[in-house]
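Here's what Swiss-Prot has on this protein:
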- C117: active site, proton donor (ACT_SITE)
- K22, N23: phosphoenolpyruvate binding site (BINDING)
- R93, R122, P123, V124, D125, Q126, D305, I327: UDP-N-acetyl-alpha-D-glucosamine binding site (BINDING)
- C117: 2-(S-cysteinyl)pyruvic acid O-phosphothioketal (MOD_RES)
Amino acid sequence: MDKLRITGGSPLRGEVTVSGAKNAALPILCASLLTAEPLVLGNVPQLNDTSTTLRLLGRMGVRAERAGDGTVTLQADQVDNLEAPYELVKTMRASILVLGPLLARFGQARVSLPGGCAIGQRPVDQHIKGLAALGAEIEIEHGFVVARATRLKGASIRTDMVTVTGTENLLMAAVLAEGQTVLENAAREPEVVDLAELLIKMGARIQGHGTDRIVVDGVARLHGARHDVIADRIEAGTFLCAVGAAGGDITLRGAAPDTMGATLDKLVEAGLTIETGPDWIRGAMHGRPRAVGARTHEYPGFATDMQAQLMALDTVADGTAVIVENIFENRYMHVQELCRLGADIDIDGHTAVVRGVARLSGATVMATDLRASASLVIAGLAAEGETLVDRIYHLDRGYDRMEVKLRALGASIQRVTGKETA
């Protein structure tokens, strides 16, 4: 099992390119099921999750070709299998995103209940409720969501909570439904907007994406399109937290700063010097960061996917920070590992109190989920001595060659196999 060996204490300097957003790429790949015509997607990140999605689509009969420049061409003109099996779905919760497209275009689907990071229940009941409102007959059989419909019919749907994947699934189902669908309490995330922009290029009629009320007028069919996946705001924020903790001066190319308002505000509050352009961000930290608290919230609030990285920055900051996790339960599993490095953190329910320390010291730590992995890498970059991060397959689910990019910024970080760490 691969690990990362990090020798901390070196500031980060230079520039790297931000990859396409995982959380946009996954639903966009699944949208290929909505048409028999080719879909050409640029800026698709090379991640375990995108590879799993492509394997899942391939199992269904979707033909996919990946070019060296990050372009993926998909064509779903020979789909002959409408099932997403547990063996693929168990590793990635986003596999549920094939449910809406399959149901809308083919009238049936059989999708295993999902897995993914162990950071809370994240139930799919809102997906099921919404699809049922569109006229689908849905049952849970032997661990599978089994759905059938002759043709979906437009409806007004209000989800009980803001759900990103739920909004995306219902959006993809609604574009081929008969009549108008109104999604109330819809997710406003940039990744939802990116999916909607692709669907519009494919011939969908969508209004209101980026707000909490999306209106979809269904069409009979969609056609092929060309689309570039939006930049990953979480990857960009992770690298900025890294320079905040380790010090230095970095520039991120291919970024989307207009999607990162809440994160950039927190980093400025922490003492980073931030400069932005249309597609770049420069972040510099000279001296010790200031402790900064945060409450996670749906977009445009502070993202839950940035909570662990900000906490890693706070572990070496001057002062005390209070972080409140409002989105998911069980998302403080990185805390005990940060404490192994010398962090001073107390947890009380959804609240974490982080007292900054003058220095962290390297140790062996274990990643527990995707963003927790990133927080341990950040802490390792700031720590004195050597840190070994185990179970980095979590990291590979959502970061495109993180150690390669960090080395380009001057970090001492190497991927090693289990044998090499003995």
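Backbone N, Cα and C define each Cβ position, glycine as well.
On a Cα basis, N23 (phosphoenolpyruvate binding site) lies 17 Å away from V124 (UDP-N-acetyl-alpha-D-glucosamine binding site). Secondary structure at D125 (UDP-N-acetyl-alpha-D-glucosamine binding site), taken from DSSP and collapsed to helix, strand or coil, is helix. Of all the binding-site residues listed here (N23, Q126), it is Q126 whose C-beta has the fewest other C-beta atoms within 10 angstroms. Counting other Cβ atoms within 10 Å of each Cβ, the binding-site residues K22, R93 show the lowest value at R93. Within 10 Å of the C-beta of D125 (UDP-N-acetyl-alpha-D-glucosamine binding site) there are 13 other C-beta atoms, taking all protein chains into account. R93 (UDP-N-acetyl-alpha-D-glucosamine binding site) sits 11 Å from N23 (phosphoenolpyruvate binding site), counting Cα to Cα. For I327 (UDP-N-acetyl-alpha-D-glucosamine binding site), applying a Cβ distance below 8 Å and a minimum sequence separation of six or more within one chain yields T296, H297, E298, T304. Each residue contributes its Cα atom, and for D305 (UDP-N-acetyl-alpha-D-glucosamine binding site) and N23 (phosphoenolpyruvate binding site) those atoms are 11 Å apart. Taking the Cα atom of each, D125 (UDP-N-acetyl-alpha-D-glucosamine binding site) and K22 (phosphoenolpyruvate binding site) are about 23 angstrom apart.
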